[in-house]
Amino acid sequence: MSLTSLTILNDDELKLLEHRMSNLLGDDVLMRRAGEAAAAWIRGEINEGERVTVLAGPGNNGGDAVCAALALRREGVAVELVMPGPAKSDLCRRMVEEWRAAGGTISEDPYMTEPAAVVVDGLFGTGQEKPVSGAYLDAVLWFNERRAKKLSLDVPTGLNPATGNWIGTIPGCRADATMAFLAVKAGLYLNEGPDAAGEVILRELDVSVPLSSLSVTGLDEFRYVRQERARFSHKGTFGKLLVTGGDTGRLGAAFLASRAALRLGAGSVTLEAFAENVPAVDPISPELMFATGAHPVDGDFTATVIGPGLGQTERARARVEAALKSEKPLVIDADALNLIAANMPLQDLLLARRAATVITPHEGEAARLLRRPVEGVTVDRVAAARELAVQSGAIVVLKGTGTVTALRSGRAWVNPTGNAMLATAGSGDVLAGMIGAFLAQKFDAVESALAAVWIHGQSVDGCLANVTASDILEMSAETLEVLRARSAAE
Ligand SMILES: NC(=O)C1=CN([C@@H]2O[C@H](COP(=O)(O)OP(=O)(O)OC[C@H]3O[C@@H](n4cnc5c(N)ncnc54)[C@H](OP(=O)(O)O)[C@@H]3O)[C@@H](O)[C@H]2O)[C@@H](O)CC1
Ligand SMILES: Nc1ncnc2c1ncn2[C@@H]1O[C@H](COP(=O)(O)OP(=O)(O)O)[C@@H](O)[C@H]1O
Ligand SMILES: [K+]
């Protein structure tokens with residue numbers, strides 16, 4: 001995984017860049033570089049005498065694949081080229097001619113090839129729009145069945161490069177690694193994308209890639225959070241966080257958010273819980289304070305997290321209203337978001353807020369806020385997060401596989417860390433508490449959101465089982481500790 005932010009380019013941006021580079025360098029230079037880059041990686045994966053099978057499609061993704069096969073063949077590697085259909089793009093045709101001129105043969109059926117140590121998916125890339133079918137689908141099935149190292153070129157075949165959904169819901173190639181050319185594509189990090197792509201390897205092909213409004217979050221997005229604390233400080237320096245939520249039966253959610261905030265460095269945390277019979281002390285985190293009596297005033301705190309376990313009572317609604325009216329940084333999660341979704345005046349208050357506001361919906365909550373079915377969010381998570389940012393005026397953290405953080409300006413980030421061990425009750429409450437902790441420490445709100453999401457995901461890196469939300473908050477704190485140690489050593 002790359003630790004620096006990566007620019008994501010969409011199809012239009014890639015086409016523009018390709019056009020400029022092809023005028024500058026010649027139309028086949030990038031394709032040759034892509035092929036060489038893939039071949040170099042493949043050589044590192046095979047031992048003497050091992051074979052490689054390359055699947056090539058009819059367009060430029062296929063052209064890249066043929067170039068890779070040519071480069072391998074030049075180096076004496078036994079490589080078989082399979083093209084389920086004829087070349088269609090000019091460049092692909094040209095590469096096929098070169099392949100034949102070099103004495104190469106082409107078969108149509110991958111099942112007729114010899115067993116290979118590496119198999120390459122160069123069927124379709126960024127030009128994919130329709131579902132894979134016919135002989136190409138057979139080739140996809142063959143690819144997935146192989147017991148070999150599997151490499152997809154640019155994008156796994158069948159995957160929508162922008163959204164990470166299978167095109168036409170037909171599952172495509174599942175690779176061990178995907179080599180992205182020029183820039184990574186959003187779909188590699190979203191929904192089905194991470195399972196399909198495997199490890200993402202970027203090759204910029206010696207091109208200076210322009211910035212865009214979408215990137216993959218890297219450590220450079222949160223350098224202040226990673227910095228060691230100044231010695232000249234006291235608990236007040238790190239802020240007072242208020243966590244509001246935890247109605248009867250859901251008290252744990254508010255505890256998790258509060259404990260996470262303590263672990264991630266809030267100077268102090270006060271829990272305002274709605275449940276009856278709230279204990280006088282949290283035996284696991286005795287550092288936690290409890291708001292007693294009348295509602296605390298958000299303005300007395302540096303920042304507030306509202307929502308975990310809050311419930312949707314009238315009392316909760318009134319409390320959300322008060323929080324929205326406060327002029328202190330605010331994280332809005334869970335039931336607070338559901339209350340806002342169901343209440344126009346609360347939506348107006350949200351939009352009118354001037355202090356930093358981070359909302360952390362999962363897809364269901366986002367769908368309610370956007371008034372559409374959940375599928376209307378899943379179909380394009382980046383677009384949904386951006387829309388919600390415009391609608392709410394808030395920094396939107398749309399949680400899920402490939403959490404998207406979006407600003408109202410359209411600037412957005414896709415988070416590369418995390419795995420399905422995060423899919424456990426309370427994990428979102430921990431995230432809300434972490435963002436609150438960073439806001440209380442007066443880090444910039446965008447940095448707070450990006451840092452919390454990245455660290456929360458990274459904390460479960462390598463975990464395969466045995467993770468609860470309580471573990472995630474401990475491991476997130478350890479992850480931050482490692483990051484700070486590293487940053488101090490840099
Ligand atoms: N951008 C750059 O600068 C660089 C780009 N590079 C490479 O180019 C790739 C993009 O190439 P691309 O635009 O030719 O599209 P690609 O993905 O090969 O597919 C289009 C072809 O496939 C066909 N086709 C599609 N779906 C199909 C289906 N289901 N079933 C059957 N056919 C289907 C489609 O046919 P059509 O729909 O037109 O009939 C068309 O012929 C990119 O991912 C990267 O690998 C590199 O060389 C480096 C520089
Ligand atoms: N498969 C997954 N891959 C990566 N992250 C995930 C996955 N499933 C859940 N998460 C993350 O776990 C958290 C779950 O939050 P949420 O849905 O609010 O759960 P809860 O309400 O139980 O706390 C979010 O940060 C989400 O991004
Ligand atoms: K591909």
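From the backbone N, Cα and C atoms, a Cβ is placed for every residue, glycine too.
TrEMBL labels come from automatic prediction, so no person has curated them.
Small disclaimer: the values here were computed from a predicted structure and weren't measured.
Going by TrEMBL, these are the annotated features:
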- 9-213: domain 'YjeF N-terminal' (DOMAIN)
- 60-64, 125-131, Tyr136, Asp154, Ala253, Gly309, His362, Asp429: (6S)-NADPHX binding site (BINDING)
- Asn61, Asp121, Thr157: K(+) binding site (BINDING)
- 218-483: domain 'YjeF C-terminal' (DOMAIN)
- Lys399, Gly400, Thr401, Gly402, Thr403, Gly428: AMP binding site (BINDING)
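Between the alpha carbons (Cα) of Gly309 ((6S)-NADPHX binding site) and Gly428 (AMP binding site) lies a span of roughly 11 Å. In this structure, the CA atom of Gly63 ((6S)-NADPHX binding site) is 14 Å away from the CA atom of Thr157 (K(+) binding site). Secondary structure at Tyr136 ((6S)-NADPHX binding site), as computed by DSSP, is helix. Of the candidate binding-site residues, Asn60, Asn61, Thr126, Glu129, Tyr136, the one lying closest to Thr403 (AMP binding site) when CA atoms are compared is Thr126. The binding-site residues near ligand 1, defined by a Cβ under 6 Å from one of its atoms, are Thr126, Tyr136, chosen from Asp121, Thr126, Tyr136, Gly309, Lys399. Around the Cβ of Tyr136 ((6S)-NADPHX binding site), a 10 Å sphere holds 20 further Cβ atoms from the protein chains shown. In this structure, Gly400, Thr403 are the binding-site residues from Gly400, Gly402, Thr403 whose C-beta falls under 6 Å of some atom of ligand 2. Every protein chain considered, the tally of other Cβ atoms within 10 Å of the Cβ of Gly63 ((6S)-NADPHX binding site) stands at 30. For the binding-site residues shown (Asn60, Asn61, Thr126, Thr157, Thr403), fewest C-beta neighbours within 10 angstroms: Thr126.
Candidate binding-site residues: Gly309, Gly400, Gly428. Fewest other C-beta atoms within 10 angstroms, Gly400. Spatially, by CA atoms, the binding-site residues Asp121, Lys399, Thr401, Gly402, Gly428 include one closest to Glu129 ((6S)-NADPHX binding site), and that is Asp121. The most densely surrounded of the binding-site residues Asp121, Glu129, judged by C-beta neighbours within 10 angstroms, is Asp121. Distance between Cα atoms for Asp121 (K(+) binding site) and Thr401 (AMP binding site): 24 Å, as a whole number. Every protein chain considered, the tally of other Cβ atoms within 10 Å of the Cβ of Thr401 (AMP binding site) stands at 21. Listed in sequence order, the binding-site residues among Asp121, Thr126, Thr157, Gly309 whose CB lies under 6 angstroms from an atom of ligand 3 come out as Asp121, Thr157.
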